[in-house]
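Going by TrEMBL, these are the annotated features:
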- B:1-25: region 'Disordered' (REGION)
- B:37-57: transmembrane segment (TRANSMEM)
- B:132-190: domain 'Potassium channel' (DOMAIN)
- B:134-155: transmembrane segment (TRANSMEM)
- B:161-183: transmembrane segment (TRANSMEM)
- B:229-248: transmembrane segment (TRANSMEM)
- B:233-310: domain 'Potassium channel' (DOMAIN)
- B:289-310: transmembrane segment (TRANSMEM)
Amino acid sequence: MPRRKRRLASRIRAYIRGLLSFLFSNVGVIVLVVAYTIAGAFMFQAIEGESEMERMTHMALERNNTAENLWQNVTLALNLFNETAMKERITIELIHYQKKIVFAVRHGWDGGRSSRQWSFSSAFLYSLTVITTIGYGHLSPRTNWGKVVTILYTLLGMPLFLLYLTNLGELLARWFKCIYALVCHCRGCPGFTKRRAARFRQQLDISDAESIERPPHWKSGYLDSDCTPEYRIPPNARDFQRRPDYFRSASMPQPWERREALPAQPRGWSEPLAFRTDSEGTSEFSYVTFDAQTITVPISVCVCIMVGYIIFGSMLFGMWENWDQLDGAYFCFISLSSIGFGDFVPGERVYTPRIETSFIACSMYLMLGMALVAMCFNLMQVRLYKILKIFVFEVKLLMRLPTRLR
Amino acid sequence: MDRQPVNASYHGSMRSRDSSSTGSDAREKIKDCFRKFVAFMFTQVGVGALVVCYAILGAASFMHIEKDNPDEQLQHVRKWRQSCAEELWNITVANNIFNETSWVLKVDKVLKVFQNNITAAVHTGYNGRSPEDIWSFPAALMYSLSVFTMIGYGNIIPKTIWGKIVTIAYACFGIPIYILYFCNMGKVLAQTFKWLYITAHECSRRDDAVFEEGEIIPVKRKITVPSTACLWVISFYILTGTIMFGAWEKWNYLDSTYFCVISLCKIGFGDFVPGANISDSAGGSHLKLVINFIYVLLGMGLVAMCYNLMCEDVRVKVRELKEDLKNCLDDITLKITVCMNDTKHFHQKQSRHVK
């Protein structure tokens, strides 16, 4: 009885530990980034909102001045029936006014739309573009305090966003490898591995400290598997320490993964372990412990994912913003590569009551998109590095330069 | 991206060719030169030159594509202005000239329509200049730079379809080249800075000698460059930029600092761009654009250097932080379970007492 309680206690402890570390590393970072952006939105709205009101009144004043000038200089001064001369004067006055408008708009004035430029959702998009270093520029700080706060906000926010990207990129890469292995190789979902490992554990009799979970029906060998891809059992449980959870790089294979022992024969997962004898040695263990993390995803798949996401974005924003397909794809590409010109920004040209949701939708699209880009980099980096090394090696060989064999 | 350095040691190739006969073949010499050149191209300086060449190539192509584009927006704006003038004339003709208030009201409405049209035009990229004015060579150079360094100022943008497609392709190829430049430049500068720092350190501590078995052996300590040194270097560079741009562009110092930080952080709003203001004529701003180009490129190299030097430091610190966090969590969960057990025992004792 006390043994079961001890097992239960250790199970609970391990579960809580796993949950908390998962929260702190992945979900926590997302929440932190969103909270930081929201805080930034409030801050910038407070700082820049007042100066926006000033600029609006300033432009109204300009318009009145122009009307006054027209009245004074043009209508009163000239002979009323000389049409061409009067039109010329009017045109000169209008050119002045036009230059003033262009200057004001390019320096942040909105053109008098009834929605405020620094509303909450546009300030949210602004904060997001600052920490992702996209930097559209359709909205930029005009007050001195706004500029100082932008600088400080950048310096803190960029490392935070990089952390978000690395964490999320790793997590997504791990899941994607799991899915890819499942789809393309018909093996490798670690739920199967856990079942196998449970049966294997039964034979090896591993101590409590090393097992994560001991479900009540473990003797029967079947347990509900939840896909926790990082759980693996090492070939010899006594010699190897348990793989640390969640903080590992998913793309680098661990030293005890024996890739050459992976079987080429397409055996199905339904083969029961109990039929194997112990004498079959380590190849059996490596078959049992097939890990989806050891496969490399081809580059074309990553490129397809990115292109698909860009097309999805272009369709979505093209529908909402009345952009044509090329403009939508151009916008998505320029935003996701963090270039961010700012010539196309959702909600800038078409003024609809849906402008607030446009900004929020754009922000979510950007956050998810950058995570996908990070995931693709994570997946591609091993392959790209290998290709680059081979290329350099070949070129050096061709040029008969001294090559360094690694 | 921690990769092994791609160092082609052409010194090695020279050594290996020592024994070969140098007398006869000029062709051999040429081949050797060519090999050395390729090896040089693979080094860091070669990558820098590659980046500059790529930028120049991009500038030339964008200029060619965008310069001769007949900008419809100019014609639109001219049309609006004419129609506005027409309407104003009609108002003046139709109304009684001595009724100022009603005249002003009507004129105000017309002006508002005109204003909205112009504002919409500016939002779609109009800025009062014709494409020949905008797309000068230095401006196109800055544009190419802002594309592949992912800064993306946005004060100059492509309007043609071909311009947009070429921008996308240019970015697809340019960003990896830039990342290569970033990593290599960062490594070179980091090594240089480390060497400088260590020599400065050793010079200042030359008297620290240790007596070991009767010999004087200088203390060889592993010296790592602290992160603060990197931050000082970056601050100094930003200060230089502030003074330079403040003097040239007549910005105040806050605006210059703001511009430098925003450019070096690759955000690039585009509200401040040296030499590309609307009111600037094409003449004197060319030199400024080139200097801005060099400043940004060098600044990116320095940022790469700091990233390189601080990477190890930050990684160690983050690992320590995670360890601390983990221990903290373990303590908390332990305390919770102990607390639960205590309360359970307490209740059991209570029930036994009652019995």
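In case you wondered, yes, glycine gets a Cβ from its N, Cα and C as well.
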Taken over the domain 'Potassium channel' (B:132-190), the model's mean pLDDT: 86
Long-range environment of the transmembrane segment (B:161-183) - Cβ separation under 8 angstroms, sequence gap at least 6: 1, 3, 47-48, 50-51, 54, 58, 61-62, 65-66, 69, 144, 147-150, 300-301, 304
Residue numbers, six or more beyond the limits of the transmembrane segment (B:229-248), whose CB comes under 8 Å of its CB atoms: 193, 197, 255-257, 259-261, 264, 274, 288, 291, 295, 299, 302-303, 305-306, 309-310
